Amino acid sequence: MRVTHLSLGDFRNYASAELPLAAGPNLLVGQNGQGKTNLVEAIAYFATLRSHRVTGDQALIRAGSDSAVARMGVRSGEREVRLELQLNQGRANRAQVNGNSVRPREITRWFSAIAFAPEDLIIVRGEPSGRRRFLDDALLARHPVASAALADYEKVVRQRTSLLKSTRNRGTTVPSTLSIWNDQLVEYGVQIMIARRELLRDLAGPLRDHYHALVGSDHVPRLGMAESVAASLSERGVSRETPNASELPDVSRETLAQEFHEALRMVQAREIDRGVTLVGPHRDDLVLSLNGLPVKGYASHGESWSFALSLKLGLAELLRAESSAGDPVIILDDVFAELDAGRRARLMSAVGDYEQVIVTAAVESDVPDDVSWQRMRISAGTVAPMERSDDSAVDAAGAEGAAPPVVLTTPDPETSVSRAEARDDGSTEGDSGG
Ligand SMILES: Nc1ncnc2c1ncn2[C@@H]1O[C@H](COP(=O)(O)OP(=O)(O)OP(=O)(O)O)[C@@H](O)[C@H]1O
């Protein structure tokens, strides 16, 4: 699939912007702080309903505005759909597909993208929450219907945790409603655990292949899961599993559900004592290792980078093989400046035959020049097509203080619905993306 056009209103630093995109490789060039990442952030938001940079939607709305609108034309084979998202301050977000109101989370069924940005280093070097986020985004990309199980699970954890807290605060006996929440926690939690296990199994090969292709060595990258259910059971010597095993044994849904219930029984007193839900996929961690050593704390900067990038490229390959809607759109935000010439060329060859690739760079000479890029120049919130010869002017202008080019593209009449219309069209209020 590919994005044909992006329109923004009051999104980040754009009062309005029109960005036409071509099939194949697209390059957005501009000095630091001009709005390149903001454009690809808007595109990627349609795939995951969240920003890859911030938690919540507040920062995506232009300072001083109370809502932002992003519209996108997406072509998949012969089919073209128009997607629209309105992000609102203090109100539920809204979404439309071809002008019809839908719940925002339905948007992810129509668009698939894999974005890689320097922030993704947190997948391998940061806290478990960053790795869980990678897993959840991957599940959503593979099975858009999983968004319901993920949302239901989060809701159950919140409500169960608040019941545990109130039981602790009142000092009462265990309420009977806890077992109802336990059943739901196990039901949705097991769905997520199984989908994660399948993902790890399917991702292991593509991860290894991309790591080898990118780095050009025979290092051995591995994936595993540290599941809190297994960890709780093994504390009492009940479990067959080791929580940090890089290869999880094949366990049936029923067995997983039994183990989950058993783990909940074991930790119940501690949960009430602390007012926290202690076991379930929200406490699990993705275990990443290279040549038998954990990536976090051991791998070099370059190895960590290549590992994170290979995870994303491996996921893109999985989605490509599984989807009937065509390739996911590949977004590489500010990636090339970090790589040496050999890795730049190898990365480009890994993504070169995807239907659409969108790359941002502050310096055009950082990206391989033997690629037929469609080039756009981004400057102070304006977007303009760019000839190859403009390149030297951009590079020579330096980072700060250069006069922005006075060019604006015209709105695309196909996708032009005014923000007032979008707000007053009687859209169903959906669940907020943030
Ligand atoms: N909600 C907002 N309202 C107004 N301006 C914003 C908002 N959020 C971000 N900006 C501004 O957008 C500008 C461009 O940010 P962006 O991250 O897209 O730059 P970039 O071109 O990718 O730069 P770099 O090459 O340094 O990564 C920044 O100057 C930032 O202050």
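Start at 1 and count along the chain as shown; that gives each residue its number.
Just so it is clear, glycine is given a Cβ too, placed from its N, Cα and C backbone atoms.
Heads up, TrEMBL stuff is auto-annotated, nobody curated it.
According to TrEMBL:
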type	residues	note
DOMAIN	3-363	domain 'RecF/RecN/SMC N-terminal'
BINDING	Gly30, Gln31, Asn32, Gly33, Gln34, Gly35, Lys36, Thr37	ATP binding site
REGION	384-434	region 'Disordered'
COMPBIAS	394-407	compositional bias 'Low complexity'
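Features as recorded by TrEMBL, highlighted on the structure.
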residue : record           : Cβ within 10 Å
Gly30   : ATP binding site : 26
Gln31   : ATP binding site : 21
Asn32   : ATP binding site : 10
Gly33   : ATP binding site : 13
Gln34   : ATP binding site : 23
Gly35   : ATP binding site : 22
Lys36   : ATP binding site : 26
Thr37   : ATP binding site : 24
Around the ATP site formed by Gly30, Gln31, Asn32, Gly33, Gln34, Gly35, Lys36, Thr37, list the extra residues of the same chain whose Cβ is within 8 Å of the site's Cβ centroid. Thr360, Ala362, Ile378, Ser379
